[in-house]
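Notes for the one structure printed next.
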Amino acid sequence: MKEWRRNILGRELVVQYGKVAKQSSGSALVRFGDTVVLATANISDKAVEGIDFVPLTVEFQERFYAAGKIPGGFIKREGKPSESAILSARLIDRPIRPLFPKKLRNEVQVIVTVLSVDPNVPPDVVGIFAASLALNVSKIPFEGIVAGIRVGYRDGQFIALPSEEDIEKGLMDITVAGTKDAVTMVEGEAKEVTEEDMVKALRFAHSVIKELVDFQEEILSEFNVEKIPVVEPTPPEGLVEAFKDLLNKEELERRILVKVKKEREVALKEYEEQLLNQIAEKLSVTDLEGIKPFVSELYEDAVKKTMRRLIVEKGIRADGRKPTEIRPISCEVGLFPRTHGSALFTRGETQSLGIVTLGAPMDVQIIDTLLEEGVKRFMLHYNFPPFCTGEVKPLRGPSRREIGHGHLAERALKNMLPPEEEFPYTIRVVSEILESNGSSSMATVCSGSLALMDAGVPIKKHVAGIAMGLILEEDAEIILTDIIGMEDHYGDMDFKVAGTRDGITAFQMDCKVSGVSDELLMKALMQAREARMYILDRMYETISAPRPHLSKYAPIIKVTKVDPEKVADVIGPGGRVIKKIIKDFDVKVEIDDETGLVKVVGSSEENVDKAIELIREIAKEIEVGEVLEGKVTRIEPYGLFIEVRPGKIGLLHQSKVGEDMRQFLKKVKVGDTIKVQVINIDDLGRLQFKRVTEGENTQHGKTHSKRN
């Protein structure tokens, strides 16, 4: 067993190797502060046939024992990965995936298991460090060292590993990963920060990343691991030369420049089939399937180089646009009669339908994860059905990609929402991607913002998003605005920026190259800002402010406050009082025991108002001398029990009935209404009444009765 230690950011970072998981090809047990993770890396013996990508899987296992908790619910063990675990797995996957050899076809599985968790040291950040180490000490081909860090921004200072208070009171929460040379991955949210501050944050993060990578280099200097060779199949003799001879570059250009996505795909596929047949004929090959993978690989490379060359040399993109040009945009709101808010945002061949549903406070999402307990009142769900790209696939639950895209759009919008005190509704936004050709997550931000205003949610400002790309050649750096799927696939960087007219609210970046300079990143962010302003103008033209009224189909929520000491009276013995209010007025009621805040939800404003009025009445202090009307609930030989408010029952003793006591007691029955005056409240809160007859002056009652 080997162990290495280094103090970083005022915490001890400890790495152990050879103590646990020794049968794994690579493993690392890493402790940073009180967070401990185990990362393992393994590879299959055989390559997977018929694929053209690295078959990498990253799993992030949350173990509740790491936080000293037992899982909630009926089943007391961890089940399928939670949404937070999936997001953490994606966060680890993104910086390590580009570092595998492009021709690797053996299955690789990286598993990060959280064994102990410190709230101020995110396990996913430690997981990036541990996964990098596990891969580098394994026999798996892996070409680099990466690390990650979480960064906050508060009171003008950047903070590495910020506390929850720093995040809540600060302006930024981003996770950054990279190599010793450059930042390669960013994911996070902000409260309208400037582009300059974002670049400074990445520079600050990279200074910490370099120290983390340096520590890994120190550890890895003690290892001399022989990596598995990546076996590349050799194409048949003469195939590469035949492909070069038969490829017509002008014809390929023409097909790449077909403006419509589906037509372009068909045109390119047809030309690939044509080349395959021509090569087979030239080489006298009868087994087309045998040479097809080699031809496909050569063709893919030719398409990539040609698309990039057209942009660099001629400034023309596949759909005919210039590098800074945005596709045509259209916005519509109020599409459906019964939804609470709706919007259709279309940018070229990417289209998002945003739907807003307003719910009661009790409709919140209950959160019970490794690091979080509580509720979530704003949710954004992103759906990417197969028809949006004209494909046929089985419909199952949300994919990791759908969860990740929805999370990014949610982070872009959430800081523009009104506080719960001003708008007590639970808010759900659903984005249905109806067409997709690049940047559907940023289209989701736009449709979500439009739909929120259409629903009458008092958001502070519109939020728009744009996806940017980069073509990096030895003699050129071309930044692309509003990339399509093809440019995302063949480009060197994909970064998405969302924000208002005043600043950035969400940012995501993935770099396929070794990294980009601060100057280039700043240029790209400013180009993205121009695009964002253009999109925001189109959105404000469609709907410039939240609608003044909510949909008539949205639930009605009204809020009142009672003395916390009176909450028990409102609830009543065994919940009898509150249950009766709920039943009588067809409402839902939520009461905060500590603050006395009462939320009443219903479909009828009249009923909600009546319920609120009754709750206030119940919570109102009953005073000695007060005259009330109540119903007889019980008759005893010594007097009557009268309920003057729900749950508030007192005694009208026979001696307090008045001169016609006997005649009155003979006639009275349960359910009769009687006017009484409170003459005493004892130490236990029990009420004593006297009967008030018609025309009786009761003002004197307050002066010579007292509350004991």
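The chain as shown is numbered from 1 upward.
The backbone N, Cα and C atoms fix where each Cβ goes, glycine too.
Features as listed in Swiss-Prot:
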type	residues	note
BINDING	ASP488, ASP494	Mg(2+) binding site
DOMAIN	555-615	domain 'KH'
DOMAIN	625-692	domain 'S1 motif'
Tell me which of the binding-site residues ASP488, ASP494 sits in the most Cβ-dense spot, judged by other Cβ atoms within 10 Å. ASP494
For the domain 'S1 motif' (625-692), the DSSP helix/strand/coil residue counts are 10 helix, 37 strand, 21 coil
Do you know the DSSP helix, strand and coil residue counts for the domain 'KH' (555-615)? 32 helix, 17 strand, 12 coil
